Amino acid sequence: MTNWKEIDRLAKSWVKEAGQRIKQSMKEKMTIETKSNPNDLVTNIDKETERFFIEKIQSVFPDHHILGEEGQGDKLTSLDGVVWIIDPIDGTMNFIHQKRNFAISIGIFENGKGKIGLIYDVTHDELYHAFQGEGAYMNNTKLGKMKEVPLEESILAINATWITENRRIDPSVLSPLVRRVRGTRSYGSAALELAYVAAGRMDVYVTMRLAPWDYAAGCILLDEVGGTYTTIDGKPLNFLENHSIVAGNPAAHRAIFDEYLPHE
Ligand code: 2AM
Ligand code: CA
């Protein structure tokens, strides 16, 4: 029998410890490299933090699988067993340029079902945490069930990329939605944006390009507060693939599909 309470306790303590290490490393000079393009950044701290988690997990749970953004974990083709999906630093551009608005994001799954979600905003010492069936918390405060907020009163999390010329969506699809809502925000960390939606600080999030480590933990938080998430085609997410995402309270999610996104 998998002891999920023990996994939860250790995961939380490792996330806090990793946060302390990141804070310490930030005081020193970091090495910045680019990955797929000049804006796709990684630092030595991203890699060291991922390695920290892999070593901790492997030392206690050698049969667990790990999918990490920096690729030092396993090459996974299925979500069978216990799988940790880890982004050691989500919002690396913020981490480098702003030294804030980044998070450690970890989703832990059992045979494809989200069990534990952890999003740790290191600079603000805010830990968003969900345990399947027991609700979601920000530090020690329980997050309430999501309210059904009409679009006119919603804050939409969206990056300006998706309402200007881009390769993934015609800007005319989402720009009327931007005009309709009360306001828009963009924080540059998908994990934090999903956590903010789960916490009711924003109501809906639309993005065209996320990897599993960006959204895994956030979706587990949303499950616990009654949030809805799909791809922009209205399909369920496969936690091993890159996806577009529409996530938010069920009413806003439905209204976006009924009024703005072409669907069957
Ligand atoms: P990262 O900082 O971990 O790379 C910012 O736009 C958000 O999108 C961040 O959560 C960032 O995660 C993620 N992101 C940036 N480029 C991406 C890409 N090419 N594919 C998937 N996610 C990306
Ligand atoms: Ca990252």
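Every residue, even glycine, has its Cβ placed from backbone N, Cα and C.
As annotated by TrEMBL, Mg(2+) 1 binding site applies to Glu69, Asp87, Ile89, Asp214. Sequence-distant neighbours of Asp87 (Mg(2+) 1 binding site) (same chain, 6+ residues apart, CB-CB distance under 8 A): Gly68, Glu69, Ala103, Ile104, Ser105, Ile106, Ala191, Trp213, Asp214.
Cβ neighbours within 10 Å of Asp90 (Mg(2+) 2 binding site), excluding its own Cβ and spanning all shown chains: 31. In this structure, Asp90 (Mg(2+) 2 binding site) is part of a beta strand by DSSP. Look at TrEMBL and you will find Asp90 tagged as Mg(2+) 2 binding site.
Highlighted here are the binding-site residues (Glu69, Asp87, Ile89, Asp90, Asp214) whose C-beta falls below 6 Å from ligand 2: Glu69, Asp87, Ile89, Asp90, in sequence order. Listed in chain order, the residues near the Mg(2+) 1 site other than Glu69, Asp87, Ile89, Asp214 are Asp46, Ile86, Pro88, Asp90, Gly91, Thr92, Ser105, Ala191, Ala211, Trp213, each with its Cβ within 8 Å of the site Cβ centroid. Take the CB of Ile89 (Mg(2+) 1 binding site) and look out to 10 A: across all protein chains shown you find 28 other CB atoms.
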